[in-house]
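Taken from Swiss-Prot as is:
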TRANSMEM  10-30  transmembrane segment
TRANSMEM  51-71  transmembrane segment
TRANSMEM  92-112  transmembrane segment
TRANSMEM  143-163  transmembrane segment
TRANSMEM  195-215  transmembrane segment
TRANSMEM  231-251  transmembrane segment
TRANSMEM  263-283  transmembrane segment
TRANSMEM  316-336  transmembrane segment
TRANSMEM  347-367  transmembrane segment
TRANSMEM  403-423  transmembrane segment
TRANSMEM  446-466  transmembrane segment
TRANSMEM  475-495  transmembrane segment
Amino acid sequence: MTKEKKKTGIEPKVFFPPLIIVGILCWLTVRDLDAANVVINAVFSYVTNVWGWAFEWYMVVMLFGWFWLVFGPYAKKRLGNEPPEFSTASWIFMMFASCTSAAVLFWGSIEIYYYISTPPFALEPNSTGAKELGLAYSLFHWGPLPWATYSFLSVAFAYFFFVRKMDVIRPSSTLVPLVGEKHAKGLFGTIVDNFYLVALIFAMGTSLGLATPLVTECMQWLFGIPHTLQLDAIIITCWIILNAICVACGLQKGVKIASDVRSYLSFLMLGWVFIVSGASFIMNYFTDSVGMLLMYLPRMLFYTDAVGKGGFPQGWTVFYWAWWVIYAIQMSIFLARISRGRTVRELCFGMVMGLTASTWILWTVLGSNTLLLMDKNIINIPNLIEQYGVARAIIETWAALPLSTATMWGFFILCFIATVTLINACSYTLAMSTCREVRDGEEPPLLVRIGWSILVGIIGIVLLALGGLKPIQTAIIAGGCPLFFVNIMVTLSFIKDAKQNWKD
């Protein structure tokens, strides 16, 4: 019994370092918020201006890697000997479900405003040209390019899972072919895993920092409860307690049902916005934006604005590429797990087409609605942001729709459920990654899951206390830097091992 407990307990070398590092950073931040904001601005400026080009080249190289997988020697290779575990329709639906987080609802509703008010290519703010390019840039940041990079890593993890039969819960497990077993299981592998976990903790904290204000603003609109930082903290605490109860009482089936409800409700809410906002305008704007994307794509891919120094690519493209990089391993492991039995070509095409369709639908519908409300002077987003914050501006884009009370209830429920499932997924992923071994069908220890959910909640509160989007953007970019190198190593390890062991 003691041996079994030891086997399934925490792995100290990957549990305590991230806990200590994140704890110290949170403590230093809370000690002096003003000094923390100065450091945040300096880190953001350094990484985006000095290393922004590296993120852009990474995405381009991975896109070529996607073409190599689709048309190269591994295209028809099957990821496992079994037939596909899920039907194609269910597989695509599960992909869509992974795209409907509250953080995505946050950016989908407000992103276009920033692109129009501070446009790229020295365009005039709020001009026709800026509006024509606004949605095109959203389609660029949330389109085939990042999903192609994810598909490459998903193939890599699926290969290690189903072809090489490796039990991969941390990235170091995949690096044996590249650096050897001694280094992968030694100090080097431990450092890699700690980089991954620290970055993942901050990424999840930022998602919570984006999602929570949406829920509290909904509560203010529906119930008249003033939105304060204290209310944000109370809501996060309630989510953590609810997650602990679900885990302790074995209510994971209920969480799964909630996740399904989130997906169906997302379809319903998007359909409602599409119909009442103006379906013909949305389709025309989308069509025009695809054309703009194709016309400007080469410029977008390599745009650093080194001469003009307007800051658009640093504030948005580099930020989003870091966002994609930081979530790459977690998302790719999930997408690989549900793709057993697929061929490499099926996985690559399915991900790019299915997931691009999901994000394009979200951004087109929500972004078009925001643009229409701005053009018709129904809402004044700059004033709302200045007086009440970004979350209030997002809420008003939903409240301006017909049947506003019913719409707001739907949005409130969607955001609430999305955040509950987010915290559940966060605690599960971090607990799995910091335990010695969890067999199939077993759950990671309860206290470990609760502990990680508390830490993620604390990070969300700290980021909310700092205020604005810059701390959230900086947390993503700073975390994306080490994961940038980890993702490259996982990719190279897959290529090396596949050449040796995945032959006809």
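Along the chain as shown, residues are numbered 1 onward.
Cβ from N, Cα, C; glycine included.
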Can the transmembrane segment (10-30) be said to touch the transmembrane segment (316-336) if we require at least 3 CB pairs below 8 Å and skip pairs under 6 apart in sequence?
no
Against the transmembrane segment (92-112), which of these stretches has the most C-beta pairs under 8 Å: 51-71, 143-163, 263-283, 403-423?
403-423
Using a Cβ-Cβ cut-off of under 8 Å, list the residues of the same chain that are 6+ residues beyond the ends of the transmembrane segment (231-251) and lie near it.
208, 212-213, 215-216, 219, 225, 419-420, 423-424, 427, 443, 446, 449-450, 453-454, 457, 460-461, 464
Six or more residues out from either end of the transmembrane segment (475-495), which same-chain residues have a Cβ under 8 Å from its Cβ atoms?
43-44, 47-48, 51, 54-55, 58, 62, 65, 152-153, 155-157, 159-160, 171, 174-179, 192, 195-196, 198-200, 202-203, 205-206, 318-319, 321-323, 325-326, 328-329, 459, 463
Report, as numbers and ranges, which residues of the same chain sit near the transmembrane segment (446-466): CB under 8 Å and 6 or more residues beyond its ends.
10, 15, 19, 22-23, 26, 29-30, 33, 36-37, 40, 201-202, 204-206, 208-209, 212-213, 229, 232-233, 236-237, 239-240, 243-244, 247-248, 423, 426-428, 430-431, 434-435, 472, 475
Stretch-level contact, the transmembrane segment (316-336) and the transmembrane segment (195-215), CB cutoff 8 A, at least 3 pairs
yes
Hey, which bits of the same chain come close to the transmembrane segment (143-163), Cβ under 8 Å, at least six residues off its ends?
58-59, 62-63, 65-66, 69, 74, 77, 79-80, 173-174, 293, 301, 320-321, 324, 328-329, 331-333, 335-337, 339-342, 344, 347-348, 351-352, 355-356, 359-360, 487, 490-491, 493-494, 497-498, 501-502
Which range wins on Cβ pairs under 8 Å with the transmembrane segment (403-423): 51-71, 195-215, 263-283, 347-367?
195-215
Folded-back contacts onto the transmembrane segment (263-283), same chain, C-beta under 8 angstroms, at least six residues removed:
93, 96-97, 100, 361-362, 364-366, 368-369, 372, 401-402, 407, 410-411, 413-414, 417
Can you tell me which parts of the same chain pack against the transmembrane segment (195-215), counting only residues 6+ beyond its ends and a CB-CB cutoff under 8 A?
14, 18, 21-22, 101-103, 105-107, 170-171, 227, 232, 235-236, 323, 326-327, 329-330, 389-391, 394-395, 411-412, 415-416, 418-419, 422-423, 426, 429-430, 433-434, 452, 455-460, 462-464, 471-472, 475-476, 478-480, 482-483, 486
Beyond the flanks of the transmembrane segment (51-71) by 6 or more, those residues with Cβ under 8 Å of it
145-146, 148-149, 151-152, 155, 301-304, 313-314, 317-318, 321-322, 324-325, 344-345, 348-349, 352, 480-481, 484, 487-488, 491
